[in-house]
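One structure below.
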């Protein structure tokens with residue numbers, strides 16, 4: 001079994017001659033795996049993969065260990081089942097709930113959606129609850145067979161998913177539609193079904209509510225990730241302590257464009273990623289699905305690494321209701337607002353970890369933007385939709401996203417430690433948001449580069465050093481764009497674009 005180094009501690013391995021702490025993120029040798037995996041006799045683990053740094057926003061919650069198993073009623077496991085093309089890192093993960101959990105999902109809008117994506121959407125249409133999520137790494141099970149029209153019943157990959165779901169449901173003694181399945185890996189490859197089916201009994205028997213169970217599952221879903229991504233928080237909702245936890249994978253093919261089962265398009269943006277979120281809060285099905293919609297829009301749909309929208313993007317969120325909290329039946333209740341904040345925090349923390357771990361990246365880019373009321377009036381007039389999180393916020397996110405996260409030139413400039421703000425101004429101009437050029441402000445960290453549409457003299461050496469320091473420590477570069485002084489604010493996240501990104505992806509399947 002593989003274990004994650006807990007991300008709420010810092011562990012030193014004596015095997016490292018220089019005694020560096022594994023969680024000193026600036027010391028990573030990116031993509032070389034030279035210090036990220038090492039042998040150990042601790043427990044039954046033969047290797048460790050470190051956990052991503054935690055990027056939780058500030059709020060009335062505390063971080064706790066446990067990931068997807070922190071919430072009451074959930075167990076998890078991860079093991080090697082022979083699905084990976086190379087190595088013996090775990091490649092099968094299972095998250096299960098002791099009771100029927102209220103379920104929600106968000107999925108890629110890519111037309112070539114993977115078989116498990118279609119299966120999960122169908123399952124969520126059939127049932128408001130689910131009790132298990134099975135995830136395999138190695139094969140995406142997307143674009144796996146020809147089929148007439150949109151009939152997935154004739155898709156061999158889809159039939160593989162059904163067979164795996166039925167087998168797992170039998171072992172867990174639940175209905176097949178209560179089993180959800182996610183896949184990640186190489187597109188065009190079907191699941192190694194025989195290997196997966198043979199591994200299910202051991203996977204089920206390994207289920208544990210411990211932190212180790214959650215960590216092993218978080219490791220099992222990784223592919224090109226250098227770190228596992230798992231987090232959990234505890235907070236008070238309506239006078240009762242509830243927990244929200246989650247795990248995610250993603251490093252390349254990151255450009256989410258997901259919609260929920262409500263059929264609402266979530267974003268203006270566009271990972272090959274899989275995510276599972278759990279909570280023990282008690283919440284009505286329709287409210288939970290709307291909450292997940294909002295949280296995904298504020299988190300995973302605001303990140304990008306390479307502008308590539310995957311066939312497999314999936315978020316599954318389960319609520320066991322075992323915390324003893326009062327049932328949340330209204331989206332505008334005080335308790336719902338509290339739970340929404342917790343859900344947002346966990347998803348944002350995981351989303352930022354994905355951007356931080358972008359393939360070949362040396363730093364996280366965090367952008368913020370500001371728009372005014374005049375802009376939103378023009379936006380509405382032109383017929384663009386307003387989202388539940390507030391139209392000013394969405395337009396602000398849209399501006400930031402297109403101005404920074406959709407432009408490889410900006411990513412490359414950050415990697416080159418070049419404070420070339422002209423690329424940012426140029427991209428803002430074609431973001432599709434109408435504004436007066438004399439209202440444009442751009443800053444890099446605390447360094448103001450443009451104000452009122454006019455370039456300002458600034459210390460280029462200091463700006464370059466700011467970027468250099470972030471790259472050397474795998475820190476964060478902050479970029480702010482403003483086209484007004486109104487209340488429309490938003491954030492989004494990306495990473496720099498390095499030579500290593502090209503190398504990693506040029507050699508991905510070879």
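Don't overthink the numbers, they just go from 1 along the chain as shown.
Just so you know, glycine gets a Cβ as well, placed from its N, Cα and C.
Database features (Swiss-Prot):
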type: BINDING; residues: 223, 249, 359, 505, 510; note: substrate binding site
Cβ neighbour count (within 10 Å, all chains shown) around residue 223 (substrate binding site): 22
Helix, strand or coil at residue 249 (substrate binding site) [DSSP, three-state]: strand
Residue 249 (substrate binding site) CB neighbourhood, other CB atoms within 10 A: 29
Which listed residue (359, 505) has most other Cβ within 10 Å, given these are binding-site residues: 359
